[in-house]
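Enquirer: Positions annotated as anthranilate 1 binding site by Swiss-Prot: Gly80, Asn111. According to Swiss-Prot, the feature 5-phospho-alpha-D-ribose 1-diphosphate binding site maps to Gly80, 83-84, Thr88, 90-93, 108-116, Ser120. The Mg(2+) 1 binding site annotation in Swiss-Prot covers Ser92, Glu226. The anthranilate 2 binding site annotation in Swiss-Prot covers Arg166 and rests on sequence analysis. Annotation comment: Swiss-Prot describes Asp225, Glu226 as Mg(2+) 2 binding site.
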Amino acid sequence: MLQEAIKKIVSKENLEEREAYAVMNEIMSGNATPSLIGGILIGLRLKGESVEEITGFAKAMRDNAIKLELASDYVIDTCGTGGDGGKTFNISTAVAIIASAAGVKVAKHGNRAVSSKSGSADVLMELGFDIEMVPEKTKRLIEEKGMGFLFAPKYHVAMKNVAGIRKELGTRTVFNVLGPLTNPAFVKGQVLGVYDKELTHPLAEVLLRLGTEKAMVVHGFDGLDEITTTSPTFVSEVKEGKVIDYVIDPEDYGIPYAKLEDLEGKDAKENAQIILNILKGEKGPKRDIVVLNAAAALYIGKVVEDLKEGIKVANYLIDTGLALDKLTEILEYQRRLN
């Protein structure tokens with residue numbers, strides 16, 4: 001199967017969705033040789049991955065993952081592909097906490113650091129989250145308190161079959177975008193940051209095919225995989241069964257432009273402190289970018305009608321201490337579960 005696929009890819013032909021599914025299934029099974037897997041990954045990188053290919057791969061990875069079956073019918077995720085080289089603090093992690101304080105159910109899917117000094121798993125550990133929590137307890141945490149963390153290696157066990165190859169290749173592959181597309185809770189809403197403008201529309205199309213109801217796939221003009229505050233941001237939104245493209249400018253929402261260095265984080269310990277300071281009400285560019293992205297999460301989470309209202313609600317949740325209280329409440333409940 002893989003040899004046939006390589007022939008096709010090398011001839012610059014796209015795989016059909018079902019072929020891509022079969023290829024990824026074979027890779028996940030552990031039966032594929034490293035050289036064939038490497039050939040597929042590099043071939044795809046050179047050809048460029050199609051929407052059908054990414055969809056097929058994502059479906060196979062979802063089917064090979066340990067699933068988290070939630071009773072709630074609408075759950076969201078806030079995450080990025082990483083790899084944007086921006087050295088920012090963990091914005092989407094702060095956003096997840098604020099969204100859950102507004103009553104949005106958040107299944108935060110993530111891993112340790114890839115391109116930064118601190119991934120969502122690293123910073124959540126610093127904040128007191130048990131990232132190795134068994135799925136059954138994580139499920140209760142999301143259902144009862146509105147937010148839980150799904151540590152990717154715990155759910156995507158078959159990924160160990162490609163970990164060594166990805167490290168050896170040392171270049172971006174399709175797996176860099178598959179992480180955020182394969183949340184084991186099968187979330188219906190998503191704010192997804194990507195490292196390349198060319199990915200926003202295709203990945204929104206993929207999310208649509210995967211059954212996503214509402215999503216914003218975003219990429220800042222400055223290169224960040226967030227809705228940025230140093231420049232406008234490209235957005236491809238999944239809305240009512242279609243993908244629409246537009247641009248968000250922070251100044252239109254009363255948020256002043258920041259400098260990239262204003263948004264930088266350091267290691268997990270410092271990033272956790274940045275998040276706590278924001279939740280305690282500290283003002284400035286770091287809070288601004290969190291509020292703007294939280295507004296998007298509240299919009300995707302169906303608690304506000306638009307970003308303007310989302311910004312008001314996010315600011316309210318911070319200023320009243322409700323967001324910080326929510327974090328305390330989640331950690332307290334986690335302690336009881338453990």
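Numbering starts at 1 and runs along the chain as it is shown here.
Glycine too: its Cβ is placed from the backbone N, Cα and C atoms.
Source: prediction; values computed, not measured.
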Enquirer: Where Arg112 (5-phospho-alpha-D-ribose 1-diphosphate binding site) and Gly80 (anthranilate 1 binding site) are concerned, what is their Cα separation in Å, rounded?
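Expert: Rounded to the nearest whole number, the Cα-Cα distance is 13 Å.
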Enquirer: May I ask you to report the DSSP-based helix, strand or coil state of Asn111 (anthranilate 1 binding site)?
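Expert: In the DSSP reduction, Asn111 (anthranilate 1 binding site) maps to coil.
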Enquirer: When the Cα-Cα distance from His109 (5-phospho-alpha-D-ribose 1-diphosphate binding site) is computed for each of the binding-site residues Gly80, Arg166, Asp225, Glu226, which gives the smallest value?
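Expert: If we rank Gly80, Arg166, Asp225, Glu226 by Cα distance to His109 (5-phospho-alpha-D-ribose 1-diphosphate binding site), first place goes to Gly80.
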Enquirer: Restricting to the chain of Asp225 (Mg(2+) 2 binding site) and a gap of 6 or more, list residues whose Cβ falls under 8 Å of its Cβ, or answer none.
Expert: Gly80, Thr81, Gly82, Gly83, Asp84, Gly86, Gly193, Val194, Tyr195, Val218, His219
Enquirer: Using C-alpha atoms, which one of the binding-site residues Asn111, Arg166, Glu226 comes nearest to Ser92 (5-phospho-alpha-D-ribose 1-diphosphate binding site)?
Expert: Glu226
Enquirer: Between Thr88 (5-phospho-alpha-D-ribose 1-diphosphate binding site) and Asn111 (anthranilate 1 binding site), what is the CA-CA distance rounded to a whole number of Å?
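Expert: Cα-Cα distance, Thr88 (5-phospho-alpha-D-ribose 1-diphosphate binding site) to Asn111 (anthranilate 1 binding site): 16 Å.
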Enquirer: As a test of the contact definition, list every same-chain residue at least 6 positions from Asn111 (anthranilate 1 binding site) whose Cβ is closer than 8 Å to its Cβ.
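Expert: Non-local contacts for Asn111 (anthranilate 1 binding site): Gly119, Ser120, Ala121, Phe151, Ala152, Pro153, Gly179.
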Enquirer: Counting every protein chain present, what is the number of Cβ atoms, excluding its own, within 10 Å of the Cβ of Arg112 (5-phospho-alpha-D-ribose 1-diphosphate binding site)?
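Expert: 15, counting other Cβ atoms within 10 Å of Arg112 (5-phospho-alpha-D-ribose 1-diphosphate binding site).
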Enquirer: Among the binding-site residues listed here (Gly80, Thr88, Ser92, His109, Arg166), identify the one with the smallest other-Cβ count within 10 Å.
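Expert: Checked Gly80, Thr88, Ser92, His109, Arg166; of these binding-site residues, fewest Cβ neighbours within 10 Å: Arg166.
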Enquirer: Do me a favour and check the Cα-Cα span between Arg166 (anthranilate 2 binding site) and Glu226 (Mg(2+) 1 binding site); whole Å is fine.
Expert: 24
Enquirer: Look up Gly80 (anthranilate 1 binding site) in the DSSP assignment and reduce it to helix, strand or coil.
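Expert: The residue in question, Gly80 (anthranilate 1 binding site), is strand (DSSP, three-state).
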